[in-house]
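Here's the structure, in structure tokens; my notes come after.
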Amino acid sequence: MSNFRIGFGYDVHQLQAGYDFWLGGIKLEHEKGAVGHSDADVLIHVICDALLGAANLRDIGYHFSDKDPKYKGIDSKILLKEVMILLRNEGYEVGNIDTTVCLQLPKVNPHIPAMKKCLSEVMGVEERNISIKATTTENLGFVGREEGVSAYCVALIYSK
Ligand SMILES: Nc1ccn([C@@H]2O[C@H](COP(=O)(O)O)[C@@H](O)[C@H]2O)c(=O)n1
Ligand SMILES: C[C@@]1(CO)OP(=O)(O)OP(=O)(O)OC[C@H]1O
């Protein structure tokens, strides 16, 4: 009998000119990029938080402090790999994840296959178990004004 657990993640990063825009492990070409202590990949951050939450292992900032110079500019794929190790050390495997990126511009859809391939490799999880979706906020709020990007993730994990 498997033991199933669910987790949820939410994160926001500012968008500003002069920064790279990393999302789902790939770099998007855009006039603005995401601001953070790390590479500010909001999609990877919510995946980390949902997985950590599902395993009751606190959150991304608890494990990788945004005050620690070691993580300045770090590739979030490295953090996700670490989270997968923490998860598997506790005896868990990923069932599936479902994510939504809230972003006014640019369009995410054309990049979803590349993001899924990248995340599948980093996580060691089949692409069919990684869902990525996107929505604008119809020009409303900080996302609508193109001041920021947010994302949500739910994750199902299990142990045998
Ligand atoms: N940054 C985005 C936002 C949305 N999409 C896709 O467009 C569809 C319509 O967006 P609405 O906000 O009007 O619902 C949405 O369902 C996504 O398929 C996108 O690719 N990139
Ligand atoms: C990823 C970390 C660590 O570098 O920094 P940020 O890129 O600022 O991201 P955030 O989601 O705000 O917090 C988690 C931090 O631990």
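Each residue, glycine too, has its Cβ placed from N, Cα and C.
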- Out of His45, His63, His111, TrEMBL lists as part of the divalent metal cation site with Asp11, His13 the residue His45
- Task: By CA-CA distance, flag whichever of His37, Thr136, Thr137, Arg145 among the recorded positions is nearest to His45 (divalent metal cation binding site).
- Result: His37
- So what sits near Asp11 (divalent metal cation binding site) in its own chain, CB-to-CB under 8 Å and at least six residues off in sequence? Val42, His45, Val46, Asp49, Ser150, Ala151
- Would you find the one among the binding-site residues His13, His45 whose Cβ has the most company, meaning other Cβ atoms within 10 Å? His45
